[in-house]
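*Asks:* According to Swiss-Prot, the transmembrane segment annotation covers 33-53, 77-98, 113-133, 178-198, 226-246, 288-308, 320-340, 347-367. Annotation source Swiss-Prot lists heme b b562 binding site at H83, H182. Residues or ranges marked as heme b b566 binding site in Swiss-Prot (evidence: similarity to another entry): H97, H196. As annotated by Swiss-Prot, ubiquinone binding site applies to H201.
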Amino acid sequence: MTNIRKTHPLMKIINDAFIDLPSPSNISSWWNFGSLLGLCLIMQILTGLFLAMHYTPDTSTAFSSVAHICRDVNYGWFIRYLHANGASMFFICLYAHIGRGLYYGSYMFQETWNIGVLLLLTVMATAFVGYVLPWGQMSFWGATVITNLLSAIPYIGTTLVEWIWGGFSVDKATLTRFFAFHFILPFMITALAAVHLLFLHETGSNNPTGIPSNMDMIPFHPYYTIKDILGALLLILTLLALTLFTPDLLGDPDNYTPANPLSTPAHIKPEWYFLFAYAILRSIPNKLGGVLALLLSILILIFIPMLQTSKQRSMMFRPFSQLLFWTLVADLLTLTWIGGQPVEHPYIIVGQLASILYFLLILVLMPTVSLIENKLLKW
């Protein structure tokens, strides 16, 4: 008798994706982040669902409904902080996942990569609208500042902003629609993740060497299921430590003050995971130029496969490219730091230099160094 796992239409899909999937025998822990992102998504949807049961998307009651969740709902504080810090863990895994893709040349699977960029944009949109929901000072002013960026679009900008707001300022209509977006987007992310996986399984996984591994494959289960479980345990441990010991470490104290349109906070800044893009936005004195740079800082990922000039896929055997890659990581950390600082000397010039270096590294230096490495191969 044939195993039901291999014959049943539904079980067969699960089997081919998570059990009998042929996987390269040498993939490292950097390949764990895909499954960790799946885990983060499930956790965020579940905690978010329980929060939505008690939250009210109305300007007069939103802030107090969050306070009510934390004070009166059984383990409400725990669910709320799991959700808030879960978002941070989500972005840590996301950036590590993208970094792995850049380092090992996974972007050469173009369909998978492009769906991944789309996923990144959707997750960023979800996190942004979610940050507005507690209706604290930073929620309100963050929403005002970021949505206002669209007014830089010539001719239709102002109309577009008022259309998104549902009025002439960020108000009740804005909060209600942002809650609706925040509820629906994670399900779109889930669907996109399934498509991401579908395209990945068309080609099979890449591996650290960047060399085809068709001749040396092992089944996903038990080898990589056990490895993913270890990663999951470490992720949960980190998340629990963050949530139970320092739940407000990554948050903004201003968000414990109810939203007040008449009082602007001294320093308006987004959550830490958007600071690098915020720093790039602020480093350009022109509004439209800043918005374009902000967009390009993320959308540049789409062009990465076209900028591949190396004969080798992975950076594993390319020391000069490795140096530039880690310079890029350091540059992004610098931008993240600058994004959280006030707009004054010396932060302005450091931010501008880091922004220039970011685009220079990706568009000019990395492709050029790859060509030089190709020449060195002939020596």
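Including glycine, each Cβ sits where the backbone N, Cα and C put it.
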*Asks:* In the same chain, who gets a Cβ under 8 Å from the transmembrane segment (288-308) while lying at least 6 residues past its ends?
*Replies:* 98, 102, 105, 107-108, 110, 113-114, 117, 120-121, 124, 149-150, 152-154, 276-278, 280-282, 355, 358-359, 362-363, 366-367, 370
*Asks:* Return yes if the transmembrane segment (178-198) and the transmembrane segment (33-53) have at least 3 CB pairs under 8 Å (sequence gap of 6 or more), otherwise no.
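*Replies:* Contact between the transmembrane segment (178-198) and the transmembrane segment (33-53): present.
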*Asks:* Hey, how far is the residue listed as 'ubiquinone binding site' from H97 (heme b b566 binding site), Cα to Cα, in Å?
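*Replies:* Spelling it out, the Cα of the residue listed as 'ubiquinone binding site' and the Cα of H97 (heme b b566 binding site) are 17 Å apart.
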*Asks:* Under 8 Å between C-beta atoms and at least six residues away from its ends: which parts of the chain pack against the transmembrane segment (113-133)?
*Replies:* 55, 57, 62, 66, 87, 90-91, 94, 98, 101, 106-107, 139-140, 142-143, 146, 170, 174-175, 178-179, 181-182, 185-186, 188-189, 192-193, 195-196, 199, 270-271, 273-274, 298-299, 301-302, 304-305
*Asks:* Name, in the order they occur in the sequence, the residues of the same chain whose CB lies under 8 A from the CB of H83 (heme b b562 binding site) and which sit 6 or more residues away.
*Replies:* Q44, T47, G48, L51
*Asks:* With Cβ-Cβ distances below 8 Å as the criterion, list the same-chain residues six or more beyond the ends of the transmembrane segment (77-98) that contact it, or say none.
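*Replies:* Result: 30, 33-34, 36-37, 40-41, 43-44, 47-48, 50-51, 66, 69-71, 116, 120, 123, 127, 130, 235, 238-239, 242-243, 247, 250-251, 271-273, 301.
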*Asks:* Whole-number answer please: how many Å between the C-alpha atoms of H182 (heme b b562 binding site) and H196 (heme b b566 binding site)?
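*Replies:* Cα-Cα, rounded: 21 Å.
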*Asks:* Give residue numbers and ranges for long-range contacts of the transmembrane segment (347-367): same chain, 6 or more residues beyond its ends, CB-CB under 8 A.
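*Replies:* Here the qualifying positions are 279-280, 282-284, 293, 296-297, 300, 304, 307-309, 321, 324-325, 327-328, 331-332, 334-335, 338-339, 341.
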*Asks:* Among the binding-site residues H97, H182, H196, H201, which residue has its Cβ surrounded by the fewest other Cβ atoms within 10 Å?
*Replies:* H201
